[in-house]
C-alpha cells in the first residue's frame, strides 16, 4: 500500500510517499520512504520573530503541489499509483491545517481513494520506528516541541496514555523565548543550544521547575523568568566589553539548557520506573538537541533502558511521519479508517481521544 502524506500544521510544508509492503506487479518493490519534499518557512517568519498564521497558510498553498510533483518524480510514480492519502488533521494553526486538509481530501476524492486524518503528535511519536533500532511496545514517548511537552505511554498503534505534560510553556517555546532574551535569531532552539556549547557550567543557579514535584508534569515559565532576571541584573552593570557580554550570554545559555535537560531526563526516567517500560522514545523538534540526547544516552547506560530517536531529518515537522502514521493507522484498522467528506480540522486535539477501540 502506497500512502501519500501531507503535513501543513505550522510553518513547514511536507509531502511524502511511503510504501508499507514490498510488492511487484509494476509497483515499487522497495518498502519504506519512496519520495519526499519539504519546505521550511523559517526565513519568511524570521523578521517577525515568530510564525505569522496568515503568511504560513498562503505559503502552504504555494508549496504543496510542487512538493507533490517532487515526491512523485523522486519515486518514479504517478498519482494513480497512490492507494491512500494521509494528512495532518490537527493540532496546529487552523488556516494552515485547512490548506492540507482541503488539498488531501480533494485529491483523494478525485482519485476515489480513502483519506485519513492524522494527529500531528502521533506522527512524531511513531517516527522513531523508522530509525535503525525501532523501540518495542510498550514504550514511553517524550514529546518535546515548540507547542508540546508530554510524556506518553505507547502500548501500540493508536493506544496512548498521557502520563504528564507542561502546565504552561512548552520546552521548545521556552527555548525560543530565552533565545530572544539573549538576542539570538528566530527560531532560537538550535541557536541557543549552539551558544550553550561555549558556556561554562555552574555559573548561574537557575531553577529546575517541578524536578521534585512527585508527578510527571512540567513547567518552564518560571525558568524563563529566572533568565530574564539574570539578563536585567547584567544590563544594570552597563558592561560594554563585547567579550564579557558574549561570555555572559554563553554561560547563561549553558545553565538554561542544563536546567531543561535535567528536568526532561529526570521525568523520563521516573516514567520508565512507574510503568516498568524499558524503551524510551524522544520525538519532536527538541528531540534534535544534542545535549538532551547525550544526557539520555548516559542515563540509559547507567540504568539499563534503551533510548530511540527518529533520524535527525525527521525531528522537524515533515510529510514522512504523516504518511507513515497514516499507513500504520489504516493497517491497524484493516484499511477501514477514513475521514468524512468535509474539510474537518482539529486545531486543538487530545491525542488520547484518537485512540483505537
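Heads up, the Cβ atoms here are built off N, Cα and C, so glycines get one too.
Checking the candidates 11, 251, 317 against Swiss-Prot: the one annotated together with 120, 124 at the Fe cation site is 317.
Reported as a whole number, the C-alpha separation between residue 144 (substrate binding site) and residue 120 (Fe cation binding site) equals 13 Å. Counted within 10 Å of its Cβ, the other Cβ atoms near residue 147 (substrate binding site) come to 18, all protein chains included. Taking 120, 124, 317 as the binding-site residues under consideration, the smallest Cα distance to residue 176 (substrate binding site) is found for 317. It is 15 Å from the Cα atom of residue 289 (substrate binding site) to that of residue 317 (Fe cation binding site).
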